[in-house]
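Right, one structure below, let's go through it.
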């Protein structure tokens with residue numbers, strides 16, 4: 001089959017326009033393919049059957065076409081825009097062989113991620129609307145009301161309005177300007193994170209994740225989970241710790257995980273205790289050091305890491321729901337306090353002036 005046939009597939013043009021597949025598409029596709037493999041279908045047979053799916057058939061057709069032309073599975077999924085976590089798990093399946101289980105696990109993790117994203121959007125809907133209205137109010141105050149008040153205050157004699165009132169006005173004007181600056185800084189940071197995070201070095205990524213409150217906790221749990229899960233499956237498949245770390249180091253789909261595997265491998269080559277050194281890794285949970293110390297002595301590291309990974313998944317779910325539930329009331333309190341403070345600082349001098357007449 002000529003290579004230009006791929007361009008005749010309608011879905012191929014969709015892929016070229018979008019760098020990421022929607023999460024709901026990834027979830028359903030991975031779950032269905034994993035189920036077929038679990039029922040005894042080979043990967044090629046499973047893809048042949050999934051071609052009949054009207055919604056996901058073009059994805060299966062593309063994967064099948066690339067496979068029979070010798071391309072690796074993780075490279076195909078990456079070109080289709082699947083999550084980097086999925087690509088990492090596919091790379092892991094090279095050594096473990098349990099592709100059906102890993103596809104189902106990816107589907108479950110992505111389903112949880114989509115659930116949290118939906119919850120976050122739902123929680124942020126009204127605060128974002130309120131923030132937009134507040135921004136319009138602040139623009140009106142700064143462009144129209146405050147200049148009028150400033151002109152009015154300057155027309156008064158010093159005996160008619162004291163310095164405190166002028167200080168309040170200046171403070172209000174300064175606060176609004178600071179809010180402008182804060183808003184545009186947030187926009188710039190957001191744009192930088194969207195377009196620039198993948199260009200950051202691994203060291204800078206680790207540094208940033210370790211310094212941001214809330215994000216630090218979630219990222220630590222995520223990295224520790226992925227490391228524990230990957231290492232446990234490789235050990236269960238018969239790999240030594242050194243060879244397992246070497247496999248994890250070679251995958252480049254999750255740079256932080258790859259870097260940590262490389263550093264741990266170097267620690268082992270230097271003859272150091274891995275449980276003593278692992279506490280210095282900023283994006284590893286402290287309990288991981290205890291797991292290594294306890295399990296290496298007992299010889300059941302792969303079992304303990306596997307169960308620890310499942311505990312971390314529960315911890316991640318609880319932390320996400322906790323943070324999401326705190327976002328909306330915190331923002332409402334902040335916006336409400338800000339509105340009251342601005343209006344008080346504007347109208348209090350007027351009330352004071354009226355009383356003095």
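Quick reminder: no glycine exception, Cβ is built from N, Cα and C everywhere.
Annotated features, as they stand in TrEMBL:
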DOMAIN    29-141  domain 'Type II secretion system protein GspF'
DOMAIN    227-349  domain 'Type II secretion system protein GspF'
TRANSMEM  123-142  transmembrane segment
TRANSMEM  174-195  transmembrane segment
TRANSMEM  331-351  transmembrane segment
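If you take every residue in the domain 'Type II secretion system protein GspF' (29-141) and average the pLDDT, you get 87. Helix, strand and coil content of the domain 'Type II secretion system protein GspF' (29-141), in residues and according to DSSP, is 94 helix, 0 strand, 19 coil. Across the domain 'Type II secretion system protein GspF' (227-349), DSSP helix (H, G, I), strand (E, B) and coil residues number 103 helix, 0 strand, 20 coil.
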